[in-house]
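The transmembrane segment feature in TrEMBL is assigned to B:6-29, B:36-56, B:62-83, B:95-117, B:137-158, B:188-212, B:224-257, B:264-287.
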Amino acid sequence: MTLTRRQFGALATGAALMAGSRSSFAQGAPIKIGAVNPYSGAMAQYGDEVTRCYELAAEWANAQGGLLGRQVQIVRGNATSAQEGIGAVEQLVGRDKVDILAGTYVTAISNAASESALNYGKLYWETNALARDLTDRGLPNFVRTGPSSNEFASRAVEGAIKVVGAKLNKQPKDLKVWIEHEDSAYGTSIALEQQRLFKAAGVTVGIGSHSAKAIDVTDSILRAKNFAPDVWISTAYVVDTNLLLRAARDQGFKPAAMMSCGVGDTKETLEAIGKDYLDGILLVSYPRPDVSEKYGPGAGVFLRLYRDKLGRDPVAPQGMNAFVGMKILFEAIKAAGSVEFEKVIKAAAAMDKPLGAYETGYGVKFDDKMQNTRALPVVAQWQGGAVKAVYPTEAASEGVSVINVPRA
Amino acid sequence: MAEFLNIVAIGLLLGGIYSLVSVGLNLIFGVIRIVNFAQGEFVMLGMYGAFAAQVAMGMDPYIAPVVVAPALFALGCVVYWILLRPLQGEPMMQVFATFGLLMVLENVVLALTRGVSLSVNSAAAQISMSLGPVQMPLARILVLVAATVVAGALGWWLRVTLPGKAIRAVAQDRKAARLMGINVERMYMVSFGVGAALAGLAGCLLAPLYSMSPQIGMNFIMPAFAVVVLGGLGSVAGAYVGGFIVGLTEALAGFYLDPALKHAVLFLVFIAVLIIRPAGLFGVAGAEEVGLREQS
């Protein structure tokens, strides 16, 4: 078969058009962010919540025209353990061709997944995992936008000294604090940092540990009771936190203030303990959507976006922290003009936003290990069956103040 | 002294929990010679059963055993018939099968609940009683009473009733029991069912004390193994008394030494008892070997 000049011209034009359309399609391909989180198993509830809020942030960005002229797409990678974290990264990079990885609800998963991401030359944008070690590794592809375990520890100490101390009219040297913690690395690392900070402030400190799998923790409560503290602070998981609070109630242990660090702020604890006993219990928690607009501008908008999409209130405060982490990533990508990890990290390192720039009240200023130094948890409190931010004072909504300290 | 009395009371109440969980485990081991790793998961199912009964029928967890224990009995019978009976004569395979069952049950509940911890409420769980310096939650007293009643009733049933005697006969010598006209397979199935029902009962009574998670069964099963070995494999009285030994050891070591050391102390006592009395306090020497000897 021979082609006439006209047929050849038509074919050449068609081919050129097709090539052009392919090129413009590539230009418009979405920026894919792989969300490494547990979506099954015991941690699924929170893993899901974190990723739902990544998706919410992506929809918010897309509604504003996307990033670098491209839409943002969140691709889920299920990881319930460190080993699965590595597998999830391999799948997200190899099969789904993601540009960036983000996560997680769990330190161990973040640890393994971020190293795996480095092997593929991908950025690992951490929003929620807590352990300080994650940034202390100095991994070149790793950034954390949310607070680390150290910030949770320091906020608990601040809450005990400034909130409870003020209510009891006691100086730090007159305060007695009992630190209770579950005995894995999570609880121990936060408790030891709290102990260090309290001692530096001149507070008298007692410390005790228990297994998160213990059938009974009454012995731990009685040891704390014998110490007669003004403040009892616990760092544990949900199930043992509930067990500790039950044992405290049963044994009539009533320090002036009780504080739970990291957990104890969800419906699970409310249903287990009941609102009457919880009233006045302090919580060191991620900033929640109830923070004042002055402290966290846009927190109300976040809550509306969440409710519009999901038809209910957020399951846990981890969500808004994840949402803000994703927004900071989008800003870094915009500033970098690229998704390459060296460029995004360089752009992130140059960011300088004051506290109160985001819904959570965070600012942005990364230290040399790429830990955001302007991401701080708040002290909240159970009040009438709801959790309300009470410290810093400017985080508290209008009309909200500390109640039931000392405990009735 | 007041402090000591309080700790002893707490140890005894904790012992009640361990006894209640261990009695069924020991019955199954005593008769069928299976170390049932899934016993803790039966307790967990009992807890979720109490939750389901409360949600569906508004039933108090202390009434829920009326529904949950028969359901667990039926489940135990089915598990024995389908899973364990075909593996008779292969004791190691039966142990592995119960471990597999543990994983199945845990993961099914995990999938259904997505890891959210659940709680049941009862007015009784809110009450704590004072006896001088001793504080005792009513919910734990009820567990202690239930453990005592269950151990007594089970001992009576095994000693006095015909099915109980049949079960003891099977436990002592399967071949002779068969020659006496006892349906050995049925007795095994009934024993496994009763063991599962007792775990269901324990789960209902423990539900108001704990926030439920699919993994909670594992928390009970390790100390329960210590209880049955300490008390004597296959002995109802052993499981009952062993529970108190474990409970008191944990409470005293946790308070006077360090809560982080209480399991280390418990297992030191465990090793010491085994060295002095290998069959456990109430066990019969050699009973633990029966399961490894081939019986026809």
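Each residue, glycine too, has its Cβ placed from N, Cα and C.
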| message | Check the transmembrane segment (B:62-83) against the transmembrane segment (B:188-212) for contact, please; criterion is three or more CB pairs under 8 Å, pairs 6 or more apart in sequence. | response | yes
Beyond a gap of at least 6 residues from its ends, the CB atoms lying under 8 Å from the transmembrane segment (B:6-29) belong to 35-36, 39-40, 42-43, 131, 133-137, 140-141, 143-148, 150-151, 154, 191-192, 194-199, 201-202, 205-206, 209, 220-221, 223-225, 227-228, 231, 233-236, 238-252, 255-256, 291
Long-range Cβ contacts under 8 Å made by the transmembrane segment (B:224-257), restricted to residues 6 or more beyond its ends, are 7-8, 10-23, 25-27, 29-31, 35, 39-40, 147-148, 151, 154-155, 158, 171, 263, 265-267, 269-270, 273-274, 279-284, 287-288
Ranked by Cβ pairs within a distance under 8 Å of the transmembrane segment (B:188-212), the first of B:36-56, B:95-117, B:137-158 is B:36-56
Tertiary contacts of the transmembrane segment (B:137-158), defined by C-beta under 8 angstroms and 6+ residue spacing from its ends, are 12-17, 19-20, 23, 27, 62, 122, 124-125, 127-129, 164-165, 167-168, 194, 198, 201, 205-206, 208-209, 236-237, 239-240, 243
